[in-house]
Structure formats: structure tokens, C-alpha cells
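Residues or ranges marked as signal peptide by TrEMBL: 1-27. The feature domain 'Cadherin' is assigned by TrEMBL to 72-131, 132-240, 241-345, 346-450, 451-560, 575-680. The transmembrane segment feature in TrEMBL is assigned to 693-718.
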């Protein structure tokens, strides 16, 4: 028997695979698998049906997600097969449904796509028919005519299709036979038929066995023992006011709520006319949800009614008099839907983080929204609440896509929080919400920006090499390596001064250092271009200018231009007559004698010059202008003043400390140049010694020449004599 069941399972699996291949060709996957298969059993070859290669299953992040909390299926990563993740009991999942179908989604993360998969759970004959009561006692009047029918207890078989209840069999006595009537829902209702008249005096009771048989292979069966007690005559059975009672009630009625009231009458009197109400042959599901009052015939709720579980109930009620006669009616209850289920939101896939350069319309999330209610109560609309560049787009089958509605900018918002609100159309409407957090990843779309477009720096000359000149800073709004800024020299006049550049820049800090000592007199200012570059690929950069101003130090003494200083030292310089000025003896006070001209290579206060007379043959005769350098007579020239005057002027700047130079001026007091010539013809001190030295030099040169001529002559004579 076990081998036959396994062969049947193999045949069902084969037909399921063929059906799946046909459905995949039409864009939807459907498989079939028997119930009670062990965990890991093969359901279908998803990779083959979708045309996916095994490496793509791992690279694209393909996974299977079942509806509800329990995951019944899984995707085998190595084979690409859809397999069972749990043992599936069809009777537990779909006990009220003829066709048991489980749905799941195959999500392809890399493509942000999903495929719907339907798996039909086929029934196997794992349940035998059972009766609600193992024994049943019936009472019949001996006056009942042959042909009378008496409803029996219905057997229940959770299996479906061919494995469900198929037939009833009766054994026990020839007074009775078995008939089967088909109910409104297609169910089989057994009835006991009286074939021969009863005689209590011959037989007071009969023991019968009713057997229910299903159509499985092998077949399963269940039995109930029926004892028929023959009663004395009671010739009027109860009669209901209606053969069929129909009513509509809303789901979620509290237990104990009145559903309907049935009424039956009996023409007999006394105990034969006293009626009691009870359920007929009803399944356990009906007796668990409804109750009937034995005296009043009121049908009330005993449990919670759920439209989503079952929306129609049909069962029989029985009225029995004191004599054992019964009457029967049919009750049909329709359950109307109430908006008692809020929409359920399931996030199938979330692509986070997403690059900030993602184009508009990029799918960032896949959602599935379900509402168990029906009609308008089950119609759902979705919307996004919260600020963010996202929108929601409806797809097929209750699916939604969350897409980018505008360009993303990580520098403005590194993440976006939006709430998905699903709301049905019931009254009042029910809603549910879920928050989505979308992180934005950075791309290098921002160049570094200097804090200033142009920088200025001031440094004193004669600085030490390596001194800090300036510090620049640039910021990049990007993150990570894209926001890491380094600094470089991009060009400018700094690079052309000498063999080495004047400054260098530290790549990480932006500090600019002097490469050598600056000289204000050679270079008073220079400009250079700095480049800030980030670490992105490709890198972005920006530039700024740095102008460096060299501040002057007092490192240059004044230089006298006139009177010109002596060109050198030695006899030639000593023999050269000094510069002189002729002042008439008739000159009055304030007479302009000469003007001392001097310059200073420094600037500012370091180049401000002042003049003073530090030495003079007649200190009271001359004075010099403090700022002009003009030499004038301080009083009128007299005959007692010496004809030759020597003046020494000091030229001093205003630096700290001050530097100075001297200028010597010779003045001759004479009315005219001819009168001054005798004074000028006098040899200056040391002139005789110089002339004497010059004489001896010439004499030595003449003697050497004569000695050379004599030597040559003697050599010639000696050669001639030998010849």
C-alpha cells in the first residue's frame, strides 16, 4: 500500500512539473505538490522555468517569500529548485476549500522584479471518514408505513476529491435499507428507509451498522452503530412552518446573538405533541458556531463568525415530539462582510542605500498590500506621507512600487523617511502604515570650495626657511574619499623665482610654508594659485589665489650719491683730487653751498633719511638741512676763515636700529675759480711720497731693461767669437 501511495505521488509530481513549464511560458509559474511531503521535497525547477542560470541566482539575490507568517517554500540556492520548507497538511490549511492553493513570490533583488508562484496542494487519502457519534439511538412507531425515511448522521472526511466520502453501506436487518440524498452543497445525506412494517411485539429493537467509504486507494471507512427502538403508535409527526429558513447575519456577532427562530407544530396531544428542537446531522464546525434552544427553537451564535473563513452555512434542524416522531427543516445562513480587517503591508524588497545619481523613476522598494475583506472593504489605496523625493506606483495583483520622483542629493538629505499608508474603502475605513527608511549613498558630484576666493598673506623679509606663510582651507560637501581634500600648487609667479619655488603647501592641512628667506628689495610681492582636489574618481578640484606681501626690514644702510665717494683705495685714488665747492668770501648766511644726495633701498620709515653735520673745519660756519641735505652757510664768510674747509655729513635712516652713512665735502673760500686754483694746486698731504714711489718704480724698470739688452749683446758676441 505504501508503494502504491508513493507511485501516486510521483505521478502527481510529474503532472505538476509539466503544468509549471506550460504556465512559465505564459509568464506565471504554477506547480502542484501532494500534501504531507517531507521537508525539502521538490516542487518545481524555478531556475529552468524562468531561464535563470545558477550563478545568477546568487548574484541577483533571488529568494522565495510565502504569504503569511509561515514560510512553506524555499529556493534551493545550489539547484534552483523550489522545495518545501515545512510539512504541509492540506486539511489544516484548506479544510473548507475545495481547491487548496498556496501563493508565494519569487523576488529577484538585482532586477527589483518579482514573479508570482501558485502551488496547488493536492490531497492524499490520509483521513478515514468518521461519524460525530459512534452510536445512535432511534425510536420508530410501529404504525409507520413502509417507505418512511429517517435522516442519519453524516460522516465527515477532511480529504477532498476522490479521497473524500463517496458512499454509504448498511448492514444489520432486512426491515431497513439505505438511501442517499444529495444536499444543496453537493454533500451526501444518508437516510434510513423502512422496507417492511414494524411490529413491536415481534421485535422491540433492531441493531444496524452504517459504513461510510471514501474513494481512496486503498479505501478508508468509518462506521456508526444505530439502534432502532420500536415505539407504540404516535400518528402525527412535527411539521415546521417552513421547509427552508434563510437569513443573513453580519460577521463578528458576539456569542449568544439571536440568528433566527424556527417553529414547528404537532397535532398530537400530551407528550406526543410536546416538541424539542435539536440539530440534525451537522458537522462539528456548525455545532461549534451555532446553538439551538431545545424548547424555543432559537438559533444563536456560539462562536465568532468570520466572513473571510466561510461565508455560507447550511444545516438541518430536527423537531422531535414525545412519541419519537421527528420533523426536519433546512437552515441556510449567509454571512455578510464587515470591515474588520485592516490592510496588510509586506515589504518584498528594499534597495537601500541608493546612489544619489540614480535616475528619476528608479525602483527602490517593492510592496505587497492585502486586505482579507471583500467588496469595497477589500479595495485598498496606497499613498506616501512625509517629505521626500519618492512616489508610489500601483502595479498588478495588489503590488506597489516605490520610485524616485525627483533627483536625490545626499548633501541635502542623507536619508529619507516616508510612511506608506494603506487604506481600504470600508465605512469606517481601516488603515495600516509602515515606515520606509531610504539611505542615499554619495557620488562625487561636488568640487571642493575654498573659504575665500583670494587670500592675502604678509611675511617679513629675512625670514627663516620653513616659516608658516598662510593656511588655506577648502570644504567638500561629499562624504568619505569623495570629501577628502588635498592641496597643491597649481602655478603663479612663485614657481618662477629662482631654481626652487618660493613656497610649498602641505597636502593635508593646506599650510603654506616659505622655502627660503625673502628679500624685500628683490621681490616685494608675488602671487600663486592653489588647487584643492578631492579623492573621488574622477577627482574634482577648484583653485584660489594667494598673494604674498613681503614686509620690509631695515637691512640696507643709506647710500650717498653726491658727493661721490672715492672709487677705491691706493695711490691712484689718493692722487685723484677730491670734489670741491667754491664759496665766495662775500657769501652771506644761508648761502647754498651744496646738496648731499643719498638713497635707501628700504621702504617706509626704513627709507626716511635725515642729515646732520658731524665734522667741520669751522663748525659754526656751515649747517645742513635735516631732511633736505642742503649745506648752507650758517653766518657770513669772513677774511679770518681758512680758505680750505672740510665738511663731513651723516646720513641716517629711521629704522630700528637705525643705519647710517657719511659724505665728505671740500669747500674752497674764494671769490672766483682763478683765485681758488692756487689753493687747488697745492699738493695734498702724501702727494710727495707718492711721486717718490713712482720715480723709483720707473728707475727699476729702466735698469732691468738695460741689463736685459746687455745680456743679449754678450750672448751674440760669444757666438760670433766661436764662429
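Using N, Cα and C of the backbone, Cβ positions are placed for all residues, glycine too.
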Which of 241-345, 346-450, 451-560, 575-680 contacts the domain 'Cadherin' (72-131) most, counting Cβ pairs under 8 Å:
346-450
Determine how many residues of the domain 'Cadherin' (132-240) DSSP places in helix, in strand and in coil.
3 helix, 56 strand, 50 coil
Using DSSP, what's the helix, strand and coil tally for the domain 'Cadherin' (575-680)?
13 helix, 44 strand, 49 coil
The correct DSSP tally for the domain 'Cadherin' (346-450) reads 4 helix, 55 strand, 46 coil
